[in-house]
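Read the structure below first, then the notes.
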Amino acid sequence: MATGRGRQLSLGRIAGIPVYVSPTWFLVAAIITFGGRDLVLDYLPELSDGGAYLVAFLFAVLLYLSVFVHELGHALTALRLGLPVRGITLHFLGGYTEIERDAPTPGRDLVVSAAGPLLSLALGGLGLLAGQAIDDRVLTFLVWELAVANLIVGVFNVLPGLPLDGGHMLRAAVWRFTGDEHRGTVVAARSGQVLAGLVLVLPFALNGGRPELFTIIWAGLVAALLWSGATQALAVGRMRARLPRLDTRTLARKAAPVAPDLPVSEAMRQAHDAGVTSLVIVDSAGRPTGIVSESAVAAIPEQRRPWVTIGQSARSLQHGLILPLDVRGDDLLKAMREMPATEYLVVDAESRVYGVLVTSDVDHALAAR
Ligand SMILES: [Zn+2]
């Protein structure tokens, strides 16, 4: 989800939602245009070469329009439910809608996830009906192809595994029935990994076990995307399940207050006597002004330590380096992301020094099983 926008073209906004297209789309459009010419001529032999290319290119554009409508289904439903939408991106194998789900519920997740495939399937059905009512052969061909494309997009996306919509729906259903969001994620992500495996072997199961090279490459690409999406969903889910462990109160190390003009050797002796590893610089009134960086102290050679003041190894306390005691979980990670540092000062409700939060301790808490 959190991909950069560096290599994406902006297409403007619809209903206030920014729409982007990845340049990889042009590659796919070219493949469809050149690869689709023969298929078009099979159905419409009366067309010229140029006409066949044009129809194939039109199909590529209409296919993307279908994907866009699918994503719009997600986005508008999310907006309807009061969830902010950050944007819609179309890429070479489809699209995705970035939705902020600050207060997620299984019900809302289910409705937002189902809206896209439902719209695709409805468009596919309408296209099949419309195809029978049209006289023009070229138009009938395009409408028919478009209907099939929408049905494929709809059916593929309801397959029950993350990162597909069907996976989100499965996740919401398991979450709803067990009351356990994490279990929902694990079930849907594992199911996504199984789907990836099935997509990989499917070409060999069909076509009498002798698939074409193009089919194998295509299936491999889809399987790889499914696998990486499912695996990433699993990793994010695991991390989210560990967030409650991120409690500033228990993670913060005890710290000793020291005056800035104290020699490093003396400050370290005081820390040792107090049984702490972290030092906080305080002014004459006892107010904290800086945090001593452990790595900066460690970098000072032993024989220089009596001659260097501890204040020189401290980072002065800018705004983001002070964390209140009650910040935890996701909020703690957000605060740390806003102001990356190796150490943070933790203060209690009266702004007194509680301790020092060391970033590596947070990493360990997240990584531990
Ligand atoms: Zn979708």
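Positions of Cβ are set from backbone N, Cα and C atoms, glycine also.
TrEMBL does not curate its annotations; it predicts them automatically.
Fair warning: this is a prediction, and the values are worked out from it, not measured in the lab.
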Per TrEMBL, member of D109, D135, D136, D165 binding Zn(2+) alongside H70, H74: D165
Beyond the flanks of the transmembrane segment (110-130) by at least 6 residues, Cβ under 8 Å: 66, 69-74, 76-78, 81, 83, 97, 99, 143-144, 146-151, 153-155, 157-158, 165-166, 168-169, 172-173, 176
Distant-in-sequence Cβ neighbours of H74 (Zn(2+) binding site), under 8 Å, six or more positions away: T97, I99, V112, S113, A115, G116, D165
Shell of the Zn(2+) site beyond H70, H74, D165, same chain only (C-beta within 8 angstroms of their C-beta centre): E71, G73, T97, S113, A115, G116, P117, L119, S120, N157
C-beta crowding around E71 (active site), within 10 angstroms: 24
Around the Cβ of H70 (Zn(2+) binding site), the count of other Cβ atoms that are within 10 Å: 27
